[in-house]
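Let me begin by presenting the structure, written as structure tokens, before commenting on it.
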Amino acid sequence: MGGNQTWITQVTLLGFQVDPALQCFLCGLFSVFYTFTLLGNGIILGIICLDPRLHTPMCFFLSHLAIVDMSYASNNVPNMLANLVNQRRTISFVPCLMQTFLYLAFAHIECLILVVMSYDRYVAICHPLHYAIIMSWRVCTILATASWVFSFLLALVHLVLILRLPFCGPHEINHFFCEILSVLKLACADTRLNQVVIFAACVFVLVGPLCWVLVSYTRILLAILRIQSGEGRRKAFSTCSSHLCVVGLFFGSAIVMYMAPQSHHPEEQQKILSLFYSLFNPMLNPLIYSLRNAEVKGALRRALTKERLI
């Protein structure tokens with residue numbers, strides 16, 4: 001390494017390079033989305049915590065998904081909103097690396113929680129008589145804890161590999177947050193090891209779990225087709241189709257982002273893909289997962305009725 005290379009103290013997030021008028025519009029639009037993300041997930045989390053009838057394995061994992069979605073969006077979106085209205089878009093390098101670490105951790109957790117939820121639906125539909133035994137509270141707690149611990153450890157591996165690199169510029173990141181691939185472009189050393197670890201993590205956290213989810217829902221679909229009751233078949237299919245929508249949006253955008261050849265999606269397209277799993281998915285999850293769940297809708301109705309009576 002050359003002797004004139006220095007450690008970067010701060011970087012500039014270029015964000016969305018559009019006209020000022022469009023920047024104000026995007027700031028307002030994304031602010032509304034972010035508000036709905038916090039409000040929707042907060043309501044779901046509060047209802048699950050307060051209503052004893054929702055203390056079930058499925059709602060237990062839904063509460064974890066709500067926490068992850070709020071944390072995931074809050075890690076990236078507020079800084080993006082500030083940069084849309086602020087001409088000075090700099091961020092210190094240490095907070096930038098912390099943003100990268102948390103972004104990776106929450107993304108990994110969401111992947112694993114979605115897989116656990118698909119397993120829960122598989123047991124509920126394919127093995128209903130053994131559901132209470134298989135999905136005991138001990139098993140649910142172990143699955144949730146393991147998802148959080150493993151995700152943070154894997155994100156820590158990425159962070160350690162980043163910290164071993166010397167960074168000498170450029171001092172600009174062409175993104176709206178410190179996304180790991182964009183951060184690696186600031187390094188003035190070989191990043192092939194980082195790229196290999198990112199790809200391996202994608203195979204382990206994205207492709208592997210996605211295959212597991214698809215196998216689970218294939219078996220669920222076969223079990224649904226054997227249900228004699230038309231109403232029961234419709235209810236089960238409605239729930240599972242909504243889950244597959246979330247899985248498709250999240251896993252699909254992430255796989256295209258990190259596993260497709262770089263030439264197929266330039267930096268501007270990367271920003272759009274990042275919006276899907278940074279903002280749109282956390283906003284849609286309460287609608288797709290929770291508000292299509294009869295138990296959650298019933299609890300929400302009871303809470304609203306009680307509020308009106310008071």
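From the backbone N, Cα and C atoms, a Cβ is placed for every residue, glycine too.
Here's what TrEMBL has on this protein:
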DOMAIN    40-289  domain 'G-protein coupled receptors family 1 profile'
TRANSMEM  20-47  transmembrane segment
TRANSMEM  92-119  transmembrane segment
TRANSMEM  139-163  transmembrane segment
TRANSMEM  196-215  transmembrane segment
TRANSMEM  236-260  transmembrane segment
TRANSMEM  272-291  transmembrane segment
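By the Cβ criterion (under 8 Å, sequence separation of 6 or more), the transmembrane segment (20-47) is not in contact with the transmembrane segment (139-163), since fewer than 3 such pairs are found. Residues 7-11, 58, 61-62, 64-65, 68-69, 71-72, 75-76, 79, 143-144, 146-148, 150-152, 154-156, 158-159, 162-163, 167, 173, 177-180, 183, 201, 205-206, 209, 212-213, 216-217, 243, 246-247, 250-251, 254, 277-278, 289 of the same chain lie 6 or more positions beyond the ends of the transmembrane segment (92-119) yet place their CB under 8 Å from a CB of it. Counted over residue pairs separated by six or more positions, the transmembrane segment (196-215) shares at least 3 Cβ pairs under 8 angstroms with the transmembrane segment (139-163), which defines the two as touching. Tertiary neighbourhood of the transmembrane segment (139-163): same-chain residues 57, 60-61, 64, 97, 100-102, 104-106, 108-109, 112-113, 116, 180, 183-184, 193-194, 197-198, 201, 205, selected by CB-CB distance under 8 Å and a gap of 6+ residues from either end. Only residues 6 or more beyond the boundaries of the transmembrane segment (272-291), in the same chain, are considered here, and those with a CB under 8 A from a CB of the stretch are 30, 33-34, 36-37, 40-41, 43-44, 62, 65-66, 69-70, 72-73, 76-77, 103, 107, 110, 117, 175-177, 179, 242-243, 245-246, 249-250, 253-254, 256-257, 265, 297, 300. Model confidence over the domain 'G-protein coupled receptors family 1 profile' (40-289) is summarised by a mean pLDDT of 84.
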